[in-house]
Amino acid sequence: MIDRRLLLSFDWKIFLLTLIIAAIGIAEIYSTTTPPVATEIAREVDATEPRVNNPYLVRSQSQNFWEKQMLWVGIGIVVLFFITLFDYHSIVKYGYFFYALAMILLVSLFMLGVVRSGSKRWIDVGFFSVQPSEIVKLSLVICLAKYFGESKKKDSYSLRELAVPLAFILPPFLLILLQPDLGTAVSLMLISVCLIYAAGIKKRSAFYAGLFGLASSAVMWNFLKGYQKQRILSFFDPSKDPLGSGYHTLQSEIAIGSGGIAGRGFLNGTQGQLNFLPEHHTDFIFSIIAEEWGFLGSLVFLILIFSLIYLCVRASRNAKDRIAALLCFGVTAMISLNIIINIGMAVGLL
């Protein structure tokens, strides 16, 4: 039911911090996809050899990534305020239904999905693409928040008592592995672990679960594809495959290192603008921030990020009931893990 009074309890600090971080992201996407140097080269080459296969020209014709990002931020703000008008209990009430829909979408990926970078992760619906695994993450958070929030037992769960949550977690985890998308599968499992920890688990159960996880990882290694093993090994030493799976990390480290203390300045980066760093406007956007604004700018950005995470965790701790606390903590874990993984990969720690 819509209740406009819910806007009175809106946390404007979290909203403003999110807007600032989103604005920085849009600005950096603009910077790294609208390079003056590359555009000028494209014009010169096209004027002399109009039929040449010119990568700079291709980029200059598709430099609307920042506009798309701005559009989706705007849509996100509208959806945010719309959802704020509803009592979260009315959303969590349909948690299992949302989970079922997300699972149907995830299964349909194997029939309707498009192959990108060797895996089926996306469903193309025309003017945009949908990644079902990200929808599954959110639906799983809502589902687990509903289960633990409505459970008569409030803490100190044993492994046997976690059978139902595991029945929710394992199917999407395995389906995402089959895409194959190891990174997203691990991310989903970590989010689930965070929620189980927040709900409460016996120390002995946590210890045995950890041992089982380590043993499962060792067994799973034998089922990984060759390129997946190579990527994992490259995380520890990118120089082993500098032109393959380690290329992204090495180029990212070059971008971060070239930024120095104060950076090269807005629109003056080279790794992203000259296309040395792949995925510079998505997964490695932090590297572009570090290159253009240096150590000081990166530090300010990280302070903003971790301030946002802190405020979200505080909101979870101050929630008025268990469902709200778990829902808020789960969403915070989902966002935080993505941030930590992306930044960790950019700086070569992951």
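Using the three backbone atoms N, Cα and C, a Cβ is placed for every residue, glycine included.
Keep in mind it's a predicted model, so treat the numbers as computed, not measured.
Positions annotated as transmembrane segment by TrEMBL: 12-30, 70-89, 96-115, 127-145, 157-176, 182-199, 206-224, 293-313, 325-349.
Between the transmembrane segment (325-349) and the transmembrane segment (127-145), the number of CB pairs under 8 angstroms, six or more residues apart, is three or more, so the stretches are in contact. Below 8 A, the CB atoms of the transmembrane segment (127-145) and the transmembrane segment (182-199) form 3+ pairs separated by six or more positions in the chain. Nonlocal intrachain contacts for the transmembrane segment (182-199), taken as residues 6+ away from its ends with a CB within less than 8 angstroms of a stretch CB, comprise 121, 133-134, 136-137, 140-141, 144-145, 148, 155, 157, 162, 165, 169, 172-173, 176, 206, 224, 228, 231, 316, 325-326, 329-330, 333-334, 337-338, 341.
Contact between the transmembrane segment (12-30) and the transmembrane segment (157-176) is absent: fewer than three CB pairs lie under 8 Å, with pairs separated by 6 or more positions in sequence.
Same-chain neighbours of the transmembrane segment (157-176): 99, 102-103, 106-107, 133, 136, 140, 143-144, 147-148, 184-185, 188-189, 192, 196, 199-202, 205, 208-209, counting only residues six or more beyond its ends whose CB sits under 8 Å from a CB of the stretch.
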